[in-house]
Amino acid sequence: MQMTLVPYVVEDTGRGERAMDIYSRLLKDRIVMIGQEITEPLANTVIAQLLFLMSEDPKKDIKVFINSPGGYITAGLAIYDTIRFLGCDVNTYCIGQAASMGALLLSAGTKGKRYALPHSRMMIHQPSGGIIGTSADIQLQAAEILTLKKHLANILSECTGQPVEKIIEDSERDFFMGAEDAISYGLIDKVVSSAKDTKDKDTIS
């Protein structure tokens, strides 16, 4: 199994130096990173971070940076519902890619505060899954996939302003977009090349 090295940073707190992992340091600036496949463990971590930041300051913006190929629908929807549950604005940023559930989470940010860097790529498609078991099991799982397909299309329609029928049609196959195309589609609001281009003036303190 490939191990990912998590960098540590050292800060001078006035009472000596303190080391912390990079994600904890970013959390101090209300920055949450989704930088891998969206799994249940990742979703639980992201949700805990979001709820912690809400408890610290229920009015101050939270920044969510996304570089993800997508992942499990239930995990992604758990993060989506949490974003909508928060009382504060959530600024979403696509860096690299936001595919599948990653694209849905990108679009779920506060309208006017959904961003992508210039060379980012976004992709939407219909849900898929390996179906095994008895014929009755296969029927049930196929019906669930169709239900999720309509459910996700409704969410994307609400977030982007596109008709549900267009979302369903475009999602039949992998539907890729560049940053400018994503603006036209309604996934994001602005392409930014610098933190100064956003409405959030304190992206990193």
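Each Cβ is built from the backbone N, Cα and C atoms, and glycine gets one as well.
Feature annotations, reproduced from Swiss-Prot:
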ACT_SITE  Ser100  active site, nucleophile
ACT_SITE  His125  active site
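For the active-site residues given as Ser100, His125, the lowest number of other CB atoms within 10 Å of the residue's CB is seen at His125. His125 (active site) falls within neither a helix nor a strand when secondary structure is assigned with DSSP, and so counts as coil. Distance noted between the C-alpha atoms of Ser100 (active site, nucleophile) and the residue listed as 'active site' is 6 Å. A coil conformation is recorded for the residue listed as 'active site, nucleophile' in the three-state DSSP classification, outside any helix or strand.
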